[in-house]
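Peer 1: Input: one structure, supplied below.
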Amino acid sequence: MNKLYIGNVSAEASEEDLETIFERLKIPHSGPFLVKTGYAFVDCPDEKAANLAIERISGNEELFGKVLEVAISVPKSQRSCKMQIRNIPPHMQWEVLDGMLAQYGTVESCEQVNTDTETAVVNVRYAAKDQARLAMEKLNGSMMENFALKVSYIPDETAAAEGASGRGRRGFNARGTPRSGSPGQGARPKMQSDIPLRMLVPTQFVGAIIGKEGATIRNITKQTHSKIDIHRKENAGAAEKPITIHSTPEGCLNACMTIMEIMQKEAVDTKFTEAIPLKILAHNNFVGRLIGKEGRNLKKIEQDTGTKITISALLDLTVYNLERTITINGTLKESNKALEELMTKIMESYESDMAAMNLQSNLIPGLNLNALGLFPSGAPGMGPSMSGMPPHGAHGGSAYGCSPYGGEGTFWSPMLSASSQPFSGQPESETVHLFIPALAVGAIIGKQGQHIKQLSHFAGASIKIAPAEEKDSIQRVVIIIGTPEAQFKAQCRIFGKLKEENFFGPKEEVKLEAHIKVPSFAAGRVIGKGGKTVNELQNLTCAEVVVPRDQTPDENDQVIVKIIGHFFACQLAQRKIQEILAQVRRQQQPKPTSGGQPPQPRRK
């Protein structure tokens, strides 16, 4: 049974008045209305009908001057640890929601409910009744991105039984082990597709896409099961407007092609003679891998689909907009095929980066990626910016990789937040030699050395540029000394600066060489028997790891390990090698005596 509680009912209201509202809104109910003083009850045939009533009536319908409130009716005896939260902003990510819920206690499960509404609905279960009650009090009616949250209990008929048998059970198909109030651990499904599709359309066609009173865009949304945002107010006076499509990959493709068909029909009707290519937006971080070495990936897509694809120049990027425009010229069928291949490539890059970052967070305990300023605020892009994080909303939206890898809300910041707990103990300082183009030295140092000073302060590391070994050296060495977290911050910003300053061409991915020194006796452990360990390192991290043969150890009996790759590949390789070294050091520590106590020094 799905019994509804209707609150704030006027004394003048009758059963017929409430029934009229339900009939007008086409909400089914399975029994008569029980009207009391100030409130009423009614049964709905199923959960879908009950959710529909809450969505359409609560806070939206007025009866005799009073705005009605609707919620699931739950007897006090069944008000346990379960609740439903409605009217969640459609762009909100699990990590943001988890962080909010964790403020009030241990969240044992949180599952999205499939509804026909634009806003999201989730069922939540806390570990204790008092936690659920606190969350109910604090969240119900609270505002989030101009959306008023609606929270109600879910009847828990097994509450008493679970109380007797312990808290081991969980409802709503829990997403794993209890998280003890620590959101953001592990992968979880999103309330929307990981990467929405972003496209650019000529401004003169926006009206046709929206249709009379929004009828056309509503039909597209319904037919393709997508959420479509047309950013009409962005870039006033611009010749093109961005559109963000949130859906499954198939839904994004269908919605995009439908919009293209509408524009082509409108062009014929208005005698618009210019060609209308398909234009999409992609975050700059993905473009290098999309193009491929010497442009091979892009050429293959063009050959397979019969299209001509061009990508906007790096010079068009700004600190507030890290998107590149990809223009696809071809027939509608050819463009659709090319778009599908491009989306597949970008999704592969996204998943690779996410796997790398999840592993990175685990390898550096306490690393708070959110605090690093690696990704722009309001646009979760993968483009590190030396200029810091732009003010929220300063950019014009982002694409693959921007809110959430697309959209308009923050994504990377909440999503990448690892545990903010401090390191256990004092992490050891490490030294890394990072090789950069000699011409980039000035950009890294900055005017009067201000840039390198700011970077050093930000990262908490010592950063120096070694003198050139030869007069015509094409590379210079940046010496970075600091903890693992300091290394991560400093190196990330340096990679980002080189990208921003165009020291790598549009068809190149930023790859640098890093050197770390290891004790000569541990070099064999890095290589492994028959090169097994180093091969596994390369397969795991996607970086090139080389321990040059026949090295002469330096005065500290150390040899060099070379690591070559993009930023996250380099970082993972460095962390894994440091793990191997830590293991070697532990094995070399003297074992305690049989009595379990270390030998005591003799007194003189």
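Every residue number used here counts from 1 along the chain in the order it is shown.
From the backbone N, Cα and C atoms, a Cβ is placed for every residue, glycine too.
Quick paste of what TrEMBL says about this protein:
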- 2-75: domain 'RRM' (DOMAIN)
- 81-156: domain 'RRM' (DOMAIN)
- 160-191: region 'Disordered' (REGION)
- 584-604: region 'Disordered' (REGION)
- 585-597: compositional bias 'Polar residues' (COMPBIAS)
Peer 1: Under the DSSP assignment, what numbers of helix, strand and coil residues are found in the domain 'RRM' (81-156)?
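Peer 2: In the domain 'RRM' (81-156), the DSSP-based counts are 22 helix, 29 strand, 25 coil.
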Peer 1: Counting by DSSP secondary structure, give me helix, strand and coil numbers for the domain 'RRM' (2-75).
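Peer 2: Looking at the domain 'RRM' (2-75) with DSSP, the answer is 21 helix, 22 strand, 31 coil.
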Peer 1: Between 0 and 100, where does the mean pLDDT of the domain 'RRM' (81-156) sit?
Peer 2: 79
